[in-house]
Amino acid sequence: MAMVDEPLYPIAVLIDELKNEDIQLRLNSIRRLSTIARALGEERTRKELIPFLSENNDDEDEVLLAMAEELGVFIPYVGGVEHAHVLLPPLETLSTVEETCVRDKAVESLCRIGAQMKENDIVDFFIPVVKRLASGEWFTARVSSCGLFHIAYPSATDPLKTELRTIYGQLCQDDMPMVRRAAASNLGKFAATVEQSHLKTEIMSIFDDLTQDDQDSVRLLAVEGCAALGKLLEPQDCVAHILPVIVNFSQDKSWRVRYMVANQLYELCEAVGPEPTRADLVPAYVRLLRDNEAEVRIAAAGKVTKFCRILSPQLAIQHILPCVKELSSDSSQHVRSALASVIMGMAPVLGKDATIAELLPIFLSLLKDEFPDVRLNIISKLDQVNQVIGIDLLSQSLLPAIVELAEDRHWRVRLAIIEYIPLLASQLGVGFFDDKLGALCMQWLEDKVFSIREAAANNLKRLAEEFGPEWAMQHIIPQVLEKINNPHYLYRMTILQAISLLAPVMGADITCQKLLPVVINSSKDRVPNIKFNVAKVLQSLVPILDQSVVDKTVKPCLVELSEDPDVDVRYYANQALQACDQIMMSS
């Protein structure tokens with residue numbers, strides 16, 4: 001008897017847990033569906049488990065979402081691709097529920113299953129599901145159906161294909177805006193599966209209807225369709241059908257549609273090709289750059305460099321540069337920030353003379369912007385300009401602004417400058433660096449903000465790597481070691497951190513002669529934080545130093561620290577001593 005009951009056990013547990021009042025238990029049960037299916041075997045999964053799931057679908061959205069996700073990967077548990085169709089009924093039901101994320105997941109799972117099904121199964125089982133959903137009484141079913149056509153269409157017979165195209169056309173004219181939105185957003189995927197002859201006729205006619213929809217939420221999704229369809233059509237058809245739509249959309253009464261055009265314009269230009277871009281899309285882009293809605297200007301400003309790359313430098317200077325000048329003093333800080341993040345890329349496009357004459361003044365005005373993000377975006381891309389105009393001009397025009405930003409009241413701006421210094425240093429060369437930026441690098445070691453002090457210590461290490469140990473010995477080490485006597489313990493800690501970073505670059509001799517004595521001396525500091533940082537630094541120096549120095553100088557200091565009254569100092573000193581012993585043993 002026990003043997004007979006055994007296979008029933010998993011399904012019984014599942015049913016109990018699925019009916020449990022506790023949502024967590026129901027969720028766990030759904031997440032374990034694959035385990036239960038394995039226990040039941042393929043046949044019983046098809047005959048008992050899947051029908052049971054089809055009936056139990058009025059649950060909390062969380063549980064339904066988990067079910068829709070699990071069923072998408074369930075083909076192996078029902079006996080492989082030839083039985084995949086049994087998974088369609090529960091997912092069809094889930095595609096009609098009210099909660100959007102459940103429907104979306106069910107459609108995703110249906111697409112995943114449909115993509116693996118055999119052609120005759122698609123005709124027999126999948127296409128009827130699409131047709132039932134598309135004619136559903138409740139709009140949710142019709143919305144879900146829109147995402148399934150691109151899977152169903154390639155396997156359909158010619159009469160069925162005609163029917164599917166007709167149904168899709170009806171969905172694009174549905175009374176409910178939500179259905180038309182779904183049809184508009186899936187049109188690109190569906191069009192990619194349709195034959196070229198029908199693409200130019202039926203699909204373009206559907207597309208034209210969507211572009212003239214009275215709901216802006218439908219029209220803005222049709223903008224995405226422009227780019228998708230543009231890639232499928234021949235260039236001349238693209239110019240005839242898609243270009244007028246883009247130009248109209250760029251003047252749409254809804255700012256959301258114009259925003260969408262501004263966002264997608266580069267892709268749209270690629271679709272229609274260079275000539276029409278110059279003739280028709282440049283005026284449209286200029287309109288978007290001067291739009292009265294800040295959001296549209298932000299989207300357009302962010303694409304300015306990409307757009308200029310399609311144009312000749314003359315066209316860019318003639319049409320786009322005047323707009324860029326206006327945007328650099330735009331009333332919205334977010335527009336200026338979007339422009340600052342891409343404007344440096346215009347330098348290689350426009351060439352040296354135009355950059356010096358036209359762009360440099362804009363860079364300078366953005367570098368002095370009151371909004372920190374604008375200044376940051378300019379600083380982080382300076383190397384693109386250097387490649388075009390050369391270091392002499394860059395240093396004359398932009399360096400004063402950089403020095404000003406190095407003392408900016410916003411610490412993130414100071415941080416961005418510090419992180420940029422090694423790159424600047426390699427570009428400016430040693431002589432220039434010593435004159436203008438050396439003092440700044442030392443000043444940052446005593447900044448009020450820890451992140452700045454930490455970055456400053458790292459910066460010194462990178463400079464030492466760039467200019468070499470001899471230069472560092474002259475220009476960095478003496479000034480760093482001087483600061484170890486700062487009355488504030490936090491600044492003394494920064495110097496210890498700088499020493500541990502510089503030591504590997506400087507090598508054993510300089511570390512032993514100059515850096516180690518300062519560290520050993522700091523072990524007598526009255527602040528425990530300094531003392532345990534001394535132990536950490538000594539641990540990092542051990543691999544660099546000779547064994548004799550470790551035995552004579554480092555170890556006695558660590559032994560003394562290991563007897564300190566403070567528990568943390570003792571802990572780190574003992575850690576360092578253990579590390580010394582390990583290194584000795586390994587060597």
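A Cβ is built for glycine as well, from the same backbone N, Cα and C atoms used for every other residue.
The repeat 'HEAT' feature in TrEMBL is assigned to 10-48 (among others).
Sequence annotations record features per position, and here TrEMBL assigns repeat 'HEAT' to 164-202 (among others). Outside the repeat 'HEAT' (164-202) by six or more residues, the chain places 127, 130-131, 134-135, 139, 142-147, 149-150, 152-154, 156, 209-210, 213, 215, 217-218, 221-222, 224-225, 227-229, 232-233, 237, 241 with a CB less than 8 A from a CB of the stretch.
Secondary structure by DSSP for the repeat 'HEAT' (203-241): 33 helix, 0 strand, 6 coil. Under the heading repeat 'HEAT', TrEMBL lists 203-241 (among others).
Summarising the annotation, TrEMBL assigns repeat 'HEAT' to 242-280 (among others). Confidence annotation: the repeat 'HEAT' (242-280) carries a mean pLDDT of 77 in the model.
Taken from TrEMBL, the feature repeat 'HEAT' covers 281-319 (among others).
According to TrEMBL, the repeat 'HEAT' annotation covers 320-358 (among others). For the repeat 'HEAT' (320-358), the number of residues in each DSSP class (helix H, G, I; strand E, B; coil) is 32 helix, 0 strand, 7 coil.
According to TrEMBL, the repeat 'HEAT' annotation covers 359-397 (among others).
Per TrEMBL, the feature repeat 'HEAT' maps to 398-436 (among others).
Sorting each residue of the repeat 'HEAT' (437-475) by its DSSP state yields 34 helix, 0 strand, 5 coil. TrEMBL lists 437-475 (among others) with the feature repeat 'HEAT'.
Sequence annotations record features per position, and here TrEMBL assigns repeat 'HEAT' to 476-514 (among others).
The annotation repeat 'HEAT' is assigned in TrEMBL to 515-553 (among others). Same-chain residues lying 6 or more positions outside the repeat 'HEAT' (515-553) and placing a CB less than 8 Å from one of its CB atoms are 477, 481, 484, 489, 492-493, 495-497, 499-500, 502-504, 506-508, 560-561, 564, 566, 568-569, 571-573, 575-576, 579-580, 583-584, 587.
Here the repeat 'HEAT' (554-587) has long-range neighbours at 516, 520, 523, 528, 531-532, 534-536, 538-539, 541-543, 545, 547, meaning same-chain residues at least 6 beyond its ends whose C-beta is under 8 angstroms from one of its own. The repeat 'HEAT' feature in TrEMBL is assigned to 554-587 (among others).
Break the repeat 'HEAT' (515-553) down by DSSP state and the numbers are 29 helix, 0 strand, 10 coil. Taking Cβ pairs closer than 8 Å, the repeat 'HEAT' (320-358) reaches residues 282, 285-286, 289-290, 294, 297-299, 301-309, 311, 313, 365-366, 369-371, 373-378, 381-382, 384-385, 387-390, 393 in its own chain, all 6 or more past its ends. Long-range Cβ contacts of the repeat 'HEAT' (203-241) within its own chain (Cβ-Cβ under 8 Å, at least 6 residues beyond either end) map to 165, 168-169, 172-173, 177, 180-181, 183-185, 187-192, 194, 248-249, 252-254, 256-257, 259-261, 264, 267-268, 270-273, 276. Helix, strand and coil counts from DSSP across the repeat 'HEAT' (476-514) read 34 helix, 0 strand, 5 coil.
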